[in-house]
């Protein structure tokens, strides 16, 4: 290794340590940090954020990246992969003045505490001034970042999914809207499953036991992570040996915590299985939000709602819940478990209408950044779109616009990743089925086969491959939404006993 | 405020932020950080520790402290108090080379993970090489620190309790040994209470409910802190609004978690009630280990084992435990609750033999540093002392030398603080009784009176007063162990129905 690459890696080690601290502070703020400490905590977050940005945009970093751009042979093969990623981030980062970055980070820390308060009060107005400041910062940043992007919102989309644009998403979402409408209409002609039993009481203690048990058998490694409780479930990968997931429990909705935990465990096993050689290089994590979501959704939808998976797992669920489901046979359970109900809450939505939740957020974000709409009645706009697309209307802001923490955390342009995740997941499943009998593996509880495929094709690479490289290398083709549409039509044809 | 004091306070703010991060990392390592992540975690701890030491020993700090020593009028009255404390710490810190400090901090992080492993394996030999390194570091540091102290061990004692020496402690411990021996002999002539009911099953869920309920009514504020679980209970004050305590549960020993939590809550309310003006000055916390322990022990012993406190609280305990204690009347409960049994575990010891646990550790630490004894058979030395002083012998290292985390955390010279805490607590209670009827306040559940006295005399000052100033101002006299001896003789005269 050249002296220059060694210096580069030393600097990245420091940035990676600071990133780990930021993750820990974030996790702690959402799980254990008392509300009264939010003000003091924001000092700490701002301090670490400033240190990190200082290192990321340092003269030393500029000098090294400049050397590498002129003389790529200073870098090893792995070093070149690191350079590509770091250089791209550097060009995004350096355009933000350090003071703005620190101020923004402090704002986000406060905004998340205020969001919790606003949710309790069910009042968007409490959160609105913070959201306004977050959006104003982002508008300012877009002005600094924008180069060849066609629209302002494209700039934000790009950060979460490199190469993604409104021009690409608009037709994909139009196709999906149509396909979902067609499918939903078909379902009306089918036999509505019995799903009353889905609301039977299951204690929080039992639900936690179920969650822990199920994700263990889905390759989540407790020696490299843990499960906690928070208002909104999330995963943070402090490092490959410390992937933390959270969930929440409702005694009359065991599916929420079970599928929620299985979802987060999909994120976590991605983090836990990145090749250790990428540790402390800043490449040790998922490559994009869309690919990350494809792995959580692969867990939740492709496995967690799979017929063959439940053939194997339903007896176990029965065993863990005593007499609760003793009168529910497997077919009844499976069909009830997959009933489609338009829901107000994205994280509780069924896999079909889920996409509509994303389209609402996408259209609102696009309007804010591309059409400069006012925030004043944003909660009403939200509610009207729910009425129009899903036929249901939130009764208050907590079940409406305040349901997700993302905006409070500055994650704008992030939501479309969830929809991309659905599409990627279906495409990965299709490719996996060319390699081995996935249904058989699920029915036999042979999850290792599936995890190994994901390790080989996705997990191990961390950020060393871009999303489209992962997709092309693993599936042999560009993003194709038809796999998702086909998959869901097959599943629901069975669940609703369609002709 | 002068420009110099402003600069000084800015630097202290940074040090205080780094200290808060170190506390968070410590808390997290003991509660949520997975074992496999210990290696990665040690990078982070070392990095933050180095930053902190760099700031604490910086040229800027040296320059400012030098200015203030020559020209005290550059400082406000509060500034002078801050200077006194910071200057003393600076003189300790600057003598340690930065690299050693970082290396040592990294070692402690690893050692704590290894200690957990060694406990599981019940094998001191697993932990020994780490303890040896920790001791070697401390011997090296003592060589750098030592000025006028008479013995090497005095140097370490001083860090936790300024002014404390072997010359002072040897006679105090001799007096206590004698007093405890006399009392224990008296107890043999008394009526042994019935304490079988103390081992009745109380579920962990119920115990947590009891813990949370009891400490709320002892002024612990959940808006400024929380309760968690860890192998060894502890308190960390990240800041006055974020005081974290932990406990552990044994379904056949509800007293352990109850008194343990009450103990830690005593530390926590100290941190929660420091005057906010000391925030981010590095003076916002307890002034010494001994005074800190006096507050946790005031909670645990002076309140938590008090006759009048239990008159008020026993009905509540009964209510929270269903039928468990319905056949146990108050007198039986109170006497059983206070039975004296020599125990192998310090944190489970009764208040009398507890002091002997400390004397064992004190003598071993003194021998390591003043007589250079080998570590090879330290677990056997430990076991022999328990046999001699308490008449009981550990069956394995986990119930022997591995029971406390302190050495793994580098806290050597710390244990005597626990004994000092007992003595201070009794002296504070005696002084409080001159001001109002404490027994009446406890019997009526008027805890605020007691908490207010502690705020006025102790909590509010943070580190702005030294331990002996606190003691003198609050009680009007120097440390006097007779108050402890008198108090315990009175309590146990009743419990054992002595003549």
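Every residue gets a Cβ built from N, Cα and C, even glycine.
Positions annotated as Zn(2+) binding site by TrEMBL: A:263, A:267, A:293. Sequence-distant neighbours of residue A:293 (Zn(2+) binding site) (same chain, six or more apart, CB under 8 Å from its CB) are A:417, A:418, A:420, A:421, A:422, A:424, listed in sequence order.
Of all Cβ atoms in the protein chains displayed, 27 besides its own lie within 10 Å of the Cβ of residue A:264 (active site, proton donor/acceptor). Per TrEMBL, the feature active site, proton donor/acceptor maps to A:264.
Summarising the environment of residue A:263 (Zn(2+) binding site), the number of other Cβ atoms within 10 Å of its Cβ, over all protein chains shown, is 25.
Non-local neighbourhood of residue A:267 (Zn(2+) binding site): A:235, A:237, A:243, A:245, A:286, A:292, A:295, A:296, each in the same chain, at least six residues away, with C-beta under 8 Å from its C-beta. In sequence order, A:235, A:264, A:266, A:292, A:295, A:296, A:297, A:299, A:300, A:421 are the same-chain residues whose CB sits within 8 A of the CB centroid of A:263, A:267, A:293, the residues recorded for Zn(2+) being left out.
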